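Student: Have a look at the structure that comes next, please.
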Amino acid sequence: MSDLPTSQPLDTAEAVNQARILMQALPHMLRYDESVVVVKYGGHAMGDEETARNFARDMVLLEQSGVNPVVVHGGGPQIGVMLQKLGIKSEFADGLRITDKATVEVVEMVLAGSINKQIVGYINNEGGHALGLCGKDGKLVTAKKVERPAQDGKPPVDYGFVGEPDKVDATVLEQILGRELIPVLAPIALGVEGETFNVNADTFAGAIAGAIAAKRLLLLTDVPGVLDKDKKLIKRLTIGEIPGLIADGTITGGMIPKVETCIYAIEQGVEGVVILDGKIPHAVLIELFTDHGAGTLITR
Ligand SMILES: Nc1ncnc2c1ncn2[C@@H]1O[C@H](COP(=O)(O)OP(=O)(O)O)[C@@H](O)[C@H]1O
Ligand SMILES: CC(=O)N[C@@H](CCC(=O)OP(=O)(O)O)C(=O)O
């Protein structure tokens, strides 16, 4: 008999049904047992408080099931709101925020400060033990400036303090994983000159997943996955099909760093990447622990 509080008298048929649902998860749990799953939690997927709490519960359930979740979060929309409040103009080119000195200070404050600690708080409040870090901690991610020279008739872009991961030192993560601690990582990195770099959260998640050879990388966003020209979900893609979809304009904007991340992560040894709608309650559990895959699965 459980000593947890129950609100309902026992309905045997309902209880058996619940047990059956739990048993359906068993083969999936065995498949991911002790493996690392990197979950990128995008700013658009964060939604309201209930969505955020559901996400936190999912991470605790993964940890309790023997999976090692690593959370990498974004916060693009939240950075946009803060920049607007402060009267700082902001522009994107090919899905990356052009980041001057004033902007990078706000980006660090929002990502490594408020959003990181909010996610840590929710996970811990749901019974987990989350640890909030950014790429600077333990030299986890060292970045170099993103350079975009003139190409295909497009003018060069100076992205300022936007970095791309150059080196990942996973020592700090290796100390954390397998100890019932859930790392929550903000995509801020250190440059070799000691400067702070703003790294796209998808790119950051891909670099982490590649460095620790994660079994799965899940990219949670606000669309069902990669959509075709008729806005229909593409359920499976190979990395070889992606460049053509960018070239013909099917994939644009913020989806570009996402699919580029998929190519990188898979080439580094990640078995599969899934782009899925993080606003669906328990999207991560549906993807990992049920027979119903969610979103677009990208493989070699
Ligand atoms: N082919 C495509 N399929 C799905 N979304 C696409 C596609 N091309 C561009 N997008 C855009 O990419 C967005 C997701 O990227 P982004 O806004 O950066 O999300 P996040 O904040 O979750 O990282 C979608 O909301 C959509 O507007
Ligand atoms: C260089 C760059 O564009 N950095 C992003 C970092 C946050 C992010 O990627 O958040 P989402 O995952 O919510 O989009 C930015 O400044 O918005």
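Even glycines carry a Cβ here, placed using N, Cα and C.
Automatic prediction, not curation, is the source of TrEMBL annotations.
Below are the features listed in TrEMBL for this protein:
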- 36-276: domain 'Aspartate/glutamate/uridylate kinase' (DOMAIN)
- K40: site 'Transition state stabilizer' (SITE)
- G75, G76, R97, N198: substrate binding site (BINDING)
- K258: site 'Transition state stabilizer' (SITE)
Student: I need the neighbours of the substrate site defined by G75, G76, R97, N198. Which other residues of that chain put their C-beta within 8 angstroms of the C-beta centroid, in sequence order?
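Tutor: Same chain, not in G75, G76, R97, N198, Cβ within 8 Å: G43, G74, I79, G80, T99, V107, V110, L111, P187, N200, A201.
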Student: Can you tell which of K40, K258 has the least company, meaning the fewest other C-beta atoms within 10 angstroms of its C-beta, among these recorded sites?
Tutor: K258
Student: Give me the count of other Cβ atoms within 10 A of the Cβ belonging to R97 (substrate binding site).
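Tutor: Looking across every protein chain shown, the total is 21.
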Student: Distance between N198 (substrate binding site) and K40 (site 'Transition state stabilizer') at the Cα atoms, whole Å?
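Tutor: The separation of the Cα atoms works out to 16 Å.
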Student: Should K40 (site 'Transition state stabilizer') be counted as helix, strand, or coil on the basis of DSSP?
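Tutor: DSSP call for K40 (site 'Transition state stabilizer'): strand.
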Student: List the recorded positions K40, G75, G76, R97, N198, K258 whose Cβ sits under 6 Å from any atom of ligand 2, in sequence order.
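Tutor: Result: G75, G76, R97, N198.
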Student: Using the structure shown, find which entry in G75, G76 (the binding-site residues) has the sparsest Cβ neighbourhood within 10 Å.
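Tutor: It is G76 that, of the binding-site residues G75, G76, has the fewest other Cβ atoms within 10 Å.
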Student: With the Cβ atom as the reference point and anything under 6 Å counting, tell me which of the recorded positions (K40, G75, G76, R97, N198) are near ligand 1.
Tutor: G76
Student: Rounded to a whole number, how many Å is the Cα of G75 (substrate binding site) away from the Cα of K40 (site 'Transition state stabilizer')?
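Tutor: Approximately 11 Å lies between the Cα of G75 (substrate binding site) and that of K40 (site 'Transition state stabilizer').
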Student: Measure from the Cα of K258 (site 'Transition state stabilizer') to the Cα of every one of the recorded positions K40, G76, R97, then give the nearest.
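Tutor: Considering only the listed recorded positions, the nearest one is K40.
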Student: Helix, strand or coil for G75 (substrate binding site)? Use DSSP.
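Tutor: In three-state terms, G75 (substrate binding site) counts as coil.
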Student: How long is the line from the C-alpha of G76 (substrate binding site) to the C-alpha of K40 (site 'Transition state stabilizer'), rounded to the nearest angstrom?
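Tutor: Just about 13 Å between their Cα atoms.
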Student: Could you tell me the maximum Cα-Cα distance in Å between the residues recorded as binding substrate, namely G75, G76, R97, N198, rounded to a whole number?
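Tutor: If we measure all Cα pairs in G75, G76, R97, N198, the largest is 12 Å.
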Student: Please report the three-state DSSP label of K258 (site 'Transition state stabilizer').
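Tutor: Its secondary structure by DSSP: helix.
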Student: Cα-Cα, whole number of Å: R97 (substrate binding site) versus K40 (site 'Transition state stabilizer')?
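Tutor: Roughly 18 Å, rounded to the nearest whole number.
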